[in-house]
Structure formats: C-alpha cells, structure tokens
Amino acid sequence: MNRFTRYDVTPEVIFNQRRQIIKAMGLGAAALSLPNIGFAAEKSDQLKALNFKDAPKGDFLLTPENKVTGYNNFYEFGVDKASPAKFAKDFKTDPWSLEIAGEVENPFVLNHAQLFNTFPLEERIYRFRCVEAWSMVIPWVGFELARLVEMAKPTSKAKFVIFHTLHDPEQMPGQKNKFFGGGIDYPYVEALTIEEAMNPLTLLSVGLYGKMLPPQNGAPIRLVVPWKYGFKSIKSIVKITFSETRPRTTWEKLAPHEYGFYANVNPNVDHPRWSQASERVIGSGGLLAVKRQDTLMFNGYEKEVAHLYKGLDLKVNF
C-alpha cells in the first residue's frame, strides 16, 4: 500500500497525541469526552472513542482534522463546503438501521450498536481524491466491506452492490429544497461491481481520527473507496442491495458526460471542465499556502486494483 513521506502533507500532531491517550486509558466504544488537550471542542457524541486496530506504523502524515471535518461535499446539507458542518450538527444518527437485501442468501439488518461491534474495526490511512481536483489524507476507522458481503452470502446473480443514503427531508435540508441540495434527485445512490466491493481496500467507515464519524462526514456509516473519486464514497448509508443489473447512480443520472459509473482516479482522463492531471492538497495553510501535486493513477493504488479493469477502456468507461 502506498505511503507518504513526511513532506507530502501537513502532519496531524493532535491525532497522534489523542490516540496515545485513548489507548493508554484502555477506552473503547463507550462514550468518552476528552478534556481540553489542545484540540477544538466538539459535541460529546462525536468524541466517543473507537476500539480499533492501528494502521501499520510509517511516515503517514495527515490532513488536519479541522479541514477533514470542515471542508466537505454532502449536498443533503448544502452545496457549500462549510454547509455540511453547519447544517448537519443536529443530525440524529442513533437509532439507525442498515438493511442488507437483494440477491443474497442471508438478508439482515444492523442497528446502530451493531455497526460498531459486528466486525473488528481497524484503522486505514488512505489518500482521498475529490473529482474537483483536491485531495486529503485521512485516517479512517472501519471494516472491510468484504466482511459484510461474506455475511450476506450473495447469490450467483449478484453482480453489483448498490448503496442508498438516508432519505429524511426534515433532517436534510438539501433533500427538502432542490436548489439548496444541488438539483439532485434524492435519495443519493451509488454502486460498485461485486469485485470492487470484495477488494480488501474497500472500507465501510464508522469513524475517523479514532472517533465516531461526525455527521458532516457521513455518520454513522459511509463507504470509502480510495482509488475512486470521492463522490463514489456514499455517506449515511441505510440500505445495501445486491443486484444482477447495474443501476444508474446519482451523478451518472444528473450529468453522465461528466461523472461516469466507474469514477476511477485517472490523471489521463480530464473532467470536461478541468484537468485531472494534478490536485490541490488540502493542508494546514490558507490560500497563500496552496500546494499542488501530480495525481497518481488509481490515486496511488494501481498495484492493488488495476487487475479489476483488465481489458476495460478507462477513457470510455470513466
């Protein structure tokens, strides 16, 4: 798995400090409100520590936590980057249910607690590349989607895995007001091939920076597919359906000439309105500290995922 040098991204010192404290105290999924140790105060339900297996040690240097939680695309809460943190602050994620259905032998439902204790949680530090040509490095906490797929026991007809975001216009103003929500036909829907879903890199995340996901980042559970553009990593999932046929996903329906089904990070295939050859790195600096770097094929995960697309024309199947 590709790693960063210490000069690639602004370090997140606070994350390492907090994780050491949490681990030393032996605290797990129970509620934990940390005292003021140098990071911004947040709602107590966002400070619940998660019990997880650390990512392998290395020179991973992370995007500052306040940028990860304050610079978001989540159109259900508005199209401005700051809107999700502002309008999702009272979003209720407990109780919650995640339904597994479709072409499976073992359909089931997970409640809120089961999202955190059904599968062993682990930390994954991944590059995150938005289709808008900006990037972050984020320490997710979650479990491989493959574990859930194996529990569901898909039938031989299951070729695609379809994900559905919660539809709740009373809580999600972007669903209530189409202008506020970017003109999207909600609920938001995304999908992967069954092979993509089973790849070890594909993660269902329930946390970041050692804590439960905040609402603006897709609480309580979201998809993370690090070799694809960020819009594939659907948030606040309530249903996963196994299907024989490929659906038309949300952005594919809205603008098919701009957003394809596969959405693999590819510096050789530009968006119709901008280049994808490089990306703006979201770091600790302001506008005067903008850093750009070359975009890597499959976002740097080519060795792990290129075989999934053997024989596929990635310029046509973008």
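Yeah, the Cβs are placed from backbone N, Cα and C, and that goes for glycine too.
In sequence order, Phe163, Thr165, Tyr188, Val189, Glu190, Gly218, Arg222, Leu223 make up the list of same-chain residues 6 or more apart from Ile234 (Mo-molybdopterin binding site) whose Cβ falls under 8 Å from its Cβ. According to Swiss-Prot, the feature Mo-molybdopterin binding site maps to Asn72, Tyr75, Glu76, Cys130, Thr165, Asn217, Arg222, Ser233, Ile234, Lys235.
Residues annotated as signal peptide in Swiss-Prot, with sequence analysis given as evidence: 1-40.
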Run through the Cβ atoms and count how many others sit within 10 Å of the one on Arg222 (Mo-molybdopterin binding site).
23
Record-listed Mo-molybdopterin binders Asn72, Tyr75, Glu76, Cys130, Thr165, Asn217, Arg222, Ser233, Ile234, Lys235 have a maximum CA to CA distance, in Å, of 19
